[in-house]
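Asker: Input: one structure, supplied below.
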């Protein structure tokens, strides 16, 4: 076993990851029949990273309603007909030693599908975007129940971990940010009110899900009068009280913004939330080397490393990272002669 922290196990609620590497959820827009079902591409895409020894494979943003899709070719979990394909996917991933997670999502005003799109307020993302319909309280209630049903289906499909997508300008993020939420009822105004939708979604999911629960957040709006990491420390404390186990810390995309991007540019947000809210965090964003990942973990800045585009470039990134750290990890027996 490697003595590098990146390759130490991580355990929670009966789920043990063999290492701290997470395949970050990345939309593939590959449900080409527009029915939200798993396709052969998804099987190849995710299973190849399991063969590559990723500890946790997180399936991309999966829509809890048809109108909550980012595109009409997104994966879906709004119908029982989606369960079989997702179950086949989780089963195959686990065959190769990885654990499985799914990100439950609703795109809100950033949905690019036919028909009505919804948001907390009738404010478009930008001048080139459609204007959403402001959600009624009944719309909100139905959406909360859609997340609950999505969690039930995720459980039926055999996922080990659920993540609620509260980042990147999608519906939950839109409710959290005062830049996109101008409501005057109990879902707008104060931080407590803007958090209410996420609170209700977490409570609903936990009614049917006892396993590890993550929430992805955008810890900065990168705009004056928008949210910053201090606001998310407060939200994270509330999430912890509700039983959320880990905050997956990203940033941006609730409104157009100029973002100074550099290697590990979001790690400081994960560090701050971890320290000040006393909750486990995942670091994500331009983490490309084993040395970089190991530094984050060794210095207690995050608990898990979410790797995105680097895993698109290199499905066997765990082996690459191990080599960079001058250590060895066990690989597939079929690859012994080259591993």
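Cβ from N, Cα, C; glycine included.
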Asker: Given that Swiss-Prot annotates 24, 25, 26, 27, 61, 216, 308, 309 as FMN-binding, name the residue from 103, 266 that shares the site.
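Answerer: Among 103, 266, only 103 appears alongside 24, 25, 26, 27, 61, 216, 308, 309 as FMN-binding in Swiss-Prot.
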Asker: Looking only at DSSP and grouping its letters into three states, which state does residue 26 (FMN binding site) belong to?
Answerer: coil
Asker: Provide the three-state secondary structure of residue 309 (FMN binding site) computed with DSSP.
Answerer: helix
Asker: Using Cβ-Cβ distances, find the residues under 8 Å from residue 167 (substrate binding site) that belong to the same chain and are at least 6 apart in sequence, listing them in sequence order.
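Answerer: In sequence order, the residues whose Cβ lies under 8 Å from that of residue 167 (substrate binding site) (at least 6 apart) are 173, 216, 217, 218, 248, 250, 251, 253.
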Asker: Pop the Cα-Cα gap between residue 61 (FMN binding site) and residue 29 (substrate binding site) into the table, whole Å please.
Answerer: 10
Asker: I'm trying to understand the geometry here, so how far is the Cα atom of residue 165 (substrate binding site) from the Cα atom of residue 24 (FMN binding site), in Å to the nearest whole number?
Answerer: 12
Asker: For residue 165 (substrate binding site), what is the secondary structure state per DSSP, taken as helix, strand or coil?
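Answerer: Where residue 165 (substrate binding site) sits, the three-state DSSP reduction gives strand.
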